């Protein structure tokens with residue numbers, strides 16, 4: 001599998017493709033390589049003391065559980081990040097895509113944690129969910145680091161990501177699709193000057209790529225089913 005397929009498998013999407021390309025390739029890291037990188041990243045986050053509930057799980061199956069759990073919340077995150085506005089002004093272009101119920105989307109780890117911790121019922125559950133969301137976002141950022149595709153500050157870097165993801169793609173049309181998708185997603189994220197966190201940025205980038213794959217890859221469902 002090529003780099004983009006690996007990243008999107010970690011997101012755990014369940015797409016409903018409309019038409020288009022055969023995006024699955026036989027190149028790139030194997031499933032064992034993916035699991036090794038995921039374990040490495042989970043260990044890093046655990047050792048940093050930020051794994052929250054993930055640190056309590058059975059290590060034998062946690063990487064697959066992470067992928068499956070992540071798919072359940074993917075649709076909700078897409079509504080929040082890429083079309084969650086419900087009121088207020090929404091200018092054309094990307095502004096509406098980056099709104100969160102009419103406000104700036106929160107950084108991972110901030111949602112549901114109000115300034116003094118006095119949010120109404122469900123605050124504890126919301127805080128726990130937010131911690132797990134944060135951990136998963138940082139797992140994705142670590143994945144970019146392990147693929148040598150980040151800049152000095154740990155953010156995914158466009159030219160490095162382009163190289164890592166497209167270097168093994170030989171089919172011209174498919175390669176163009178990957179290049180266009182990566183460039184478009186970096187462009188969209190560049191329009192949001194609120195993105196100052198490398199974990200949040202990494203997950204937003206992968207979510208953007210996932211949207212492109214859902215729309216354009218008519219074999220994406222077979223890719224996810226093959227993984228699980």
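Sequential numbering from 1, following the chain as shown.
Note: Cβ is positioned from N, Cα and C throughout, glycine not excepted.
What Swiss-Prot records for this protein:
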COMPBIAS  55-72  compositional bias 'Basic and acidic residues'
COMPBIAS  83-99  compositional bias 'Low complexity'
COMPBIAS  111-120  compositional bias 'Gly residues'
COMPBIAS  121-131  compositional bias 'Low complexity'
DISULFID  138-199  disulfide bond
DISULFID  185-208  disulfide bond
REGION    50-131  region 'Disordered'
SIGNAL    1-20  signal peptide
Open item on the list: Quick check for the class: what is the C-alpha distance, in angstrom and rounded, between residue 138 (disulfide bond) and residue 208 (disulfide bond)?
Closed with: 16
TODO: Note down the number of other Cβ atoms within 10 Å of the Cβ of residue 185 (disulfide bond), including every protein chain shown.
DONE: 22
Open item on the list: In the three-state scheme derived from DSSP, which category covers residue 208 (disulfide bond)?
Closed with: helix
TODO: Mind giving me a neighbour count for residue 208 (disulfide bond)? Other Cβ atoms within 10 Å of its Cβ, every protein chain shown.
DONE: 22
Open item on the list: Whole-number answer please: how many Å between the C-alpha atoms of residue 185 (disulfide bond) and residue 199 (disulfide bond)?
Closed with: 16
Task: Cβ neighbour count (within 10 Å, all chains shown) around residue 199 (disulfide bond) - done: 24
- [ ] Could you round the CA separation between residue 199 (disulfide bond) and residue 208 (disulfide bond) to a whole angstrom and send it over?
- [x] 14
